[in-house]
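To start, the structure under review is shown below, and the notes come after it.
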Amino acid sequence: MAFSAGNYSNQKVKTIVTPHAGQSVNPAAQAHREILKKVISEEEKQIEDDYRGSLQQSIHSGKAALSKLKDLVKRKEGEESSSDEAVSDSDASDSDSVEEDEVPGNKPVDRRKKLTKTQRNQKKERRERHEAQVEKAKQRKHEKQYQKIGIFIHEDKRENKESKARIEKRQKEAQAERELQETQGIVNKGAKIGRKTYKMRKTDFQLEEELAGSLREVRAQ
């Protein structure tokens, strides 16, 4: 059957316009859910990796601090023992010198400068009291240092507990957001990046009523 040009005289064909760069499209609901599941899975994996890394770092820091504290205690004990030995050697040399003075044949000693038995006993008592005080101070210091170790361990456990609670909270928020996404189709809730700071999420797709008009109705530039 032949058609003449007159049959189409009252019809107009709209110009086909190439879409602008960045023009949104509305993907299928199933495809959108798959994308969301993939993104959420990657975020959960990243959160878990960050938590494991921070936990390992905390354990390593605690062990390093404990080792450093033990080395400091040993070094301090060595210094105090060396000081005690020096005092003992000095007292022993004084005692030897007194005994040598009493040996016949040595040079005469001024009796006014020589220690009496009572003075020697007093000196010995002072030395024993000093050694007892040093030992008591050393014991108190050790107790304080071991108390600090308990504080370090408590702080480390507290930080790990708080970190775990934050991760669980984020996971619960992500789960609630995912459920809301599956029921309503879109979530505009901001992501929490600080105590009172939120970052608004970008809309991954546009609803039907948000789409621009038909491309055929867009005028060519």
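Cβ from N, Cα, C; glycine included.
What TrEMBL records for 1-13 is compositional bias 'Polar residues'.
Among the features that TrEMBL reports, compositional bias 'Basic and acidic residues' is placed at 68-79 (among others).
Feature annotation from TrEMBL assigns compositional bias 'Acidic residues' to 80-103.
Annotation source TrEMBL lists compositional bias 'Basic residues' at 110-127.
Marked as compositional bias 'Basic and acidic residues' by TrEMBL: 128-137 (among others).
Summarising the annotation, TrEMBL assigns compositional bias 'Basic and acidic residues' to 153-181 (among others). Listed as Cβ neighbours of the compositional bias 'Basic and acidic residues' (153-181) (distance under 8 Å, sequence separation of 6 or more from its ends, same chain) are residues 33, 36-37, 40, 43-44, 47-48, 51, 54-55, 58-59, 61-62, 187, 189, 192.
Feature annotation from TrEMBL assigns region 'Disordered' to 1-29 (among others).
Annotation source TrEMBL lists region 'Disordered' at 49-183 (among others).
Helix, strand and coil residue tallies for the compositional bias 'Basic and acidic residues' (128-137), in that order: 10 helix, 0 strand, 0 coil [DSSP].
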